[in-house]
Each structure stands twice: as C-alpha cells, then as structure tokens.
Amino acid sequence: MSEDLYEDDLDTQGSSGPRHPMAERFRGYLPVVVDVETGGFNSATDALLEIAAVTIGMDEKGFLFPEHTYFHRVEPFEGANIEPAALEFTGIKLDHPLRMAVSEESAMTDIFRGVRKALKANGCKRAILVGHNSSFDLGFLNAAVARNDLKRNPFHPFSSFDTATLAGLAYGQTVLARACQSADIDFDGREAHSARYDTEKTAELFCGIVNRWKEMGGWRDFND
C-alpha cells in the first residue's frame, strides 16, 4: 500500500496564506509520541494496560518541545490475554486500589480528542506516531481502534517515526535509557516501563534529535 493514498488529506501544496511552521516542517503531519504497556507482544490477543501520548509543539525559532501529556491506565478488554511475565516486567498491579483504569474506548477517545485539538492548533491534517520501537506501539493503537470501531483516528495508519532508529543514528544507542543518557536527558530506571514516564522521555529524546539536526543546519523553515 502506498503512502500516496493519504497525500490528499495533507493539502501540502497550493494553500493560501502562510502555513504554521509545524505543518511545514513535517509536510502537514504532527508528531505525537506514544507509548503503551501491555500484557504481551500480540496486539490482537494481549491486553492494552496503559497508554500515554505527548503532543509536540514548536517555538518561534522552529525548535520542538514536548507540549501536553495524556495518560490512561486501561482495563483489559474482554477475553484479553495477560502474561505474568509482562506484569512482572512492567510492575503493573491490576488489582491496585488506586489504578483507576478506564475502558479502551474511553482512553482512546480522550487521547484522540487531544490530538485533534493539537492538529488544529498547528495547522496539520494528520498525526504521525513517534515511538521507541514505534511499530509495537502503533500496532497496539491500531488494534484498539479496530476492537472498539473508533472513527476519526487522527494517526497515520502505518507510517511512524522510530526513536530507536533515530537514536542509533544520532548517538549510536538504541536502548531508550542509554540513548537518553547519551543525549544528557535524565533517566530514572525505577520509573521506566510506565507509559507516562517512557513517553515523556521519548518525547524529550525525539525533540532533542530533531533540534540538534536543525542546529547543524539540516533543516531551515520557510521563513529563513
């Protein structure tokens, strides 16, 4: 399937008046960082347990910054598989009295609402998922969308930006904690494997790599 099928949505050419710099930077796509914590590796059968998303903003000089975080603990869908090893790895306690999980539909609807608001504010037409090993997060997001028959999914269905790849290029590191350390981003291993924490650190890493590229002369906005 070709990305060209989605180009008409972006309206990247021929629009009247100046476009928002963010829309210009990524051809009408808005980067949104997403991380999920799950009950296993299979997006079709394993539970989505946490999801977080960070929208990305751009300052007047064209530098990116993490803007707003959305986070939900999620109730496993009916019949979902949850591997004990996954719970041990993430430290998630499903029966914790303060977990306060919501349904997949509620979590996704809230995040999509926030993303659409950011799209409008930045003059973008579609979000593109940014993740550390992004195909994993996009797979679980798409599976939740399909299970709940959600309409108006703002994310591109198959394209993404992978910070594991970007960090490998920029710093020679593909593990999130090590990439953050190389980028002088504080990383507390005790907080890792929380969707909120990992998403916020991934957002810092993504913004840092893109901004570093700009500082090196790799991209100039249309006002330069």
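Cβ atoms here come from the backbone N, Cα and C positions, even for glycine.
Summarising the annotation, Swiss-Prot assigns region 'Disordered' to 1-22. What Swiss-Prot records for 32-206 is domain 'Exonuclease', and it gives sequence analysis as the kind of evidence. Per Swiss-Prot, Mg(2+) 2 binding site is recorded for Asp35, Glu37, His193, Asp198. What Swiss-Prot lists as Mg(2+) 1 binding site is Asp35, and the listing cites sequence analysis. Annotation comment: Swiss-Prot describes Phe41, Phe89, Phe136, Phe158 as site 'Important for substrate binding and specificity', evidence class sequence analysis. Here Swiss-Prot flags His193 as active site, proton donor/acceptor, drawing on sequence analysis.
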Alpha-carbon distance [Phe136 (site 'Important for substrate binding and specificity'); Asp198 (Mg(2+) 2 binding site)] in Å: 14
Integer Cα-Cα distance in angstrom, Glu37 (Mg(2+) 2 binding site) to Phe89 (site 'Important for substrate binding and specificity'): 10
Asp35 (Mg(2+) 2 binding site): secondary structure state under DSSP, collapsed to three categories: strand
Most Cβ neighbours inside 10 Å, all chains, among the recorded sites Phe41, Phe89, Phe136: Phe136
Those recorded positions of Asp35, Phe41, Phe89, Phe158, His193 having Cα within 10 angstroms of Phe136 (site 'Important for substrate binding and specificity'): Asp35, Phe41
Candidate nearest Phe158 (site 'Important for substrate binding and specificity') in space, where candidates are the recorded positions Asp35, Phe41, Phe89, His193 and distance is Cα-Cα: Asp35
Inter-residue C-alpha distance, Asp35 (Mg(2+) 2 binding site) and Phe41 (site 'Important for substrate binding and specificity') (nearest angstrom): 14
Rounded Cα separation (Å) that holds between Phe89 (site 'Important for substrate binding and specificity') and Phe41 (site 'Important for substrate binding and specificity'): 12
Assigned conformation of Phe158 (site 'Important for substrate binding and specificity') - DSSP reduced to three states: strand
Per-residue Cβ crowding (10 Å cut-off), top of binding-site residues Asp35, Glu37: Asp35
Under 8 Å by Cβ from His193 (Mg(2+) 2 binding site), same chain, sequence gap 6 or more: Glu37, Phe89, Thr90, Gly91
Site with most surrounding Cβ atoms, counting all protein chains shown within 10 Å, from the recorded positions Phe158, Asp198: Asp198
